[in-house]
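Asks: Among the features that Swiss-Prot reports, ATP binding site is placed at 30-37, 149-152, Ile178, 186-189, with the record citing sequence analysis. What Swiss-Prot lists as active site, proton donor is His37, and the listing cites sequence analysis. Here Swiss-Prot flags Gln61 as beta-alanine binding site. Feature annotation from Swiss-Prot assigns (R)-pantoate binding site to Gln61, Gln155.
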Amino acid sequence: MKTVSQISELRAQVKAWRQQGLTVAFVPTMGNLHAGHISLVAEAHKHADKVVASIFVNPMQFGVNEDIENYPRTMINDEQKLTAAGTDLLFTPSPDIIYPKGLAKQSFVEVPNISDGYCGESRPGHFRGVATIVCKLFNLVQPDVACFGLKDYQQVQVIQRMVEDLSMPITIIPVATIREESGLALSSRNGYLTEEEKAIAPALHQSLHWLGEQIRAGYAQQDSIDFIGLAKHAAKTINDAGLHTDYLHVCHAETLQPASEDDTQLVILAAAHCGKARLIDNLQVNLA
């Protein structure tokens, strides 16, 4: 694996591949990699000849109360994992490379409506930062495909909408969430959990699974489904386990608007605090 930090080096390598007629897949990350990230690289290999990954802790997507300085940085281990996964090129720019004029003077990308609720409401400006850095990285790498984990379901929908609205010739590949045996979704944030907290954290996914089963049962029996009431019950179960629910909603799987009884493609979106960690998870419910 080749590692570069300059835009000119990145573009030169991608240009050389293009001249050979090779296709390119892209996996953007913020580092502190786990098996979920590596599954994105594995999926990327299925769709292109060469795989580019990036590691960049993006200051634009951190809020005023989120400490970017304490975000885990594990570059040596990350490089080893990406090399073992067969990554061809790693791009590791500094903030000065990405935002040479500083954040205050940086143009930005904002994806309306779909960015507004859920994590967008809990973390104002977060998806503006995500959309901006992903758009910029897409312009730099110019991949044929890009892989994103479905654990961050709203993020995937935001990026998909951005690609569609801006007519980017890039296929977005959503990749299934990798979980621990307990059902807890793998996340860089899990490192903040104590052993006691790690024991109760799976209550988040367990409650989503219960809620999904209730929705499927109601649909099968052609009953009226009280999405809001069921979601409140699931949130109470999460809180009773010792977590603090940030939000839990049943939504249309594509628009992320509140679910209606006519919808057959649903997603349950949730976030909860467990100690110092803010955990997010989701469950897709297909009723068709």
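A Cβ is built for glycine as well, from the same backbone N, Cα and C atoms used for every other residue.
Note that the structure is a prediction, hence the values are computed from the model and not measured.
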Asks: Please list residues from the chain of the residue listed as 'beta-alanine binding site' whose Cβ is under 8 angstroms from its Cβ, counting only those at least six apart in sequence.
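Replies: The answer is Gly125, His126, Phe127, Arg128, Gly129, Val130, Ile133.
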Asks: Just to verify: the residue among Gln155, Ser188 with the fewest other Cβ atoms within 10 Å, which of the binding-site residues is it?
Replies: Ser188
Asks: DSSP on Leu33 (ATP binding site), three-state: which is it?
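Replies: DSSP call for Leu33 (ATP binding site): coil, neither helix nor strand.
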Asks: Enter the number of other CB atoms within 10 angstroms of the CB of Ile178 (ATP binding site).
Replies: 18
Asks: Can you name the residues of this chain that are 6 or more positions from Met30 (ATP binding site) yet have a C-beta less than 8 Å from its C-beta?
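Replies: Sequence-distant Cβ neighbours: Ile55, Phe56, Val57, Asn58, Tyr71, Ser188.
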Asks: Looking only at Leu33, Leu150, which of these binding-site residues has the biggest number of Cβ atoms within 10 Å around its Cβ?
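Replies: Per the Cβ count within 10 Å, the most buried is Leu33.
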Asks: Within the chain of Gly36 (ATP binding site), which residues six or more apart in sequence place their C-beta under 8 angstroms from its C-beta?
Replies: Gly149, Lys151, Thr177, Ile178, Ala185, Leu186, Ser187
Asks: Could you find out if DSSP has Ile178 (ATP binding site) as helix, strand or coil?
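Replies: Going by the DSSP assignment, Ile178 (ATP binding site) belongs to neither helix nor strand, so it counts as coil.
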Asks: Among all the protein chains here, how many other CB atoms are within 10 A of the CB of His37 (active site, proton donor)?
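Replies: Step by step: centre on the Cβ of His37 (active site, proton donor), count other Cβ atoms within 10 Å, giving 26.
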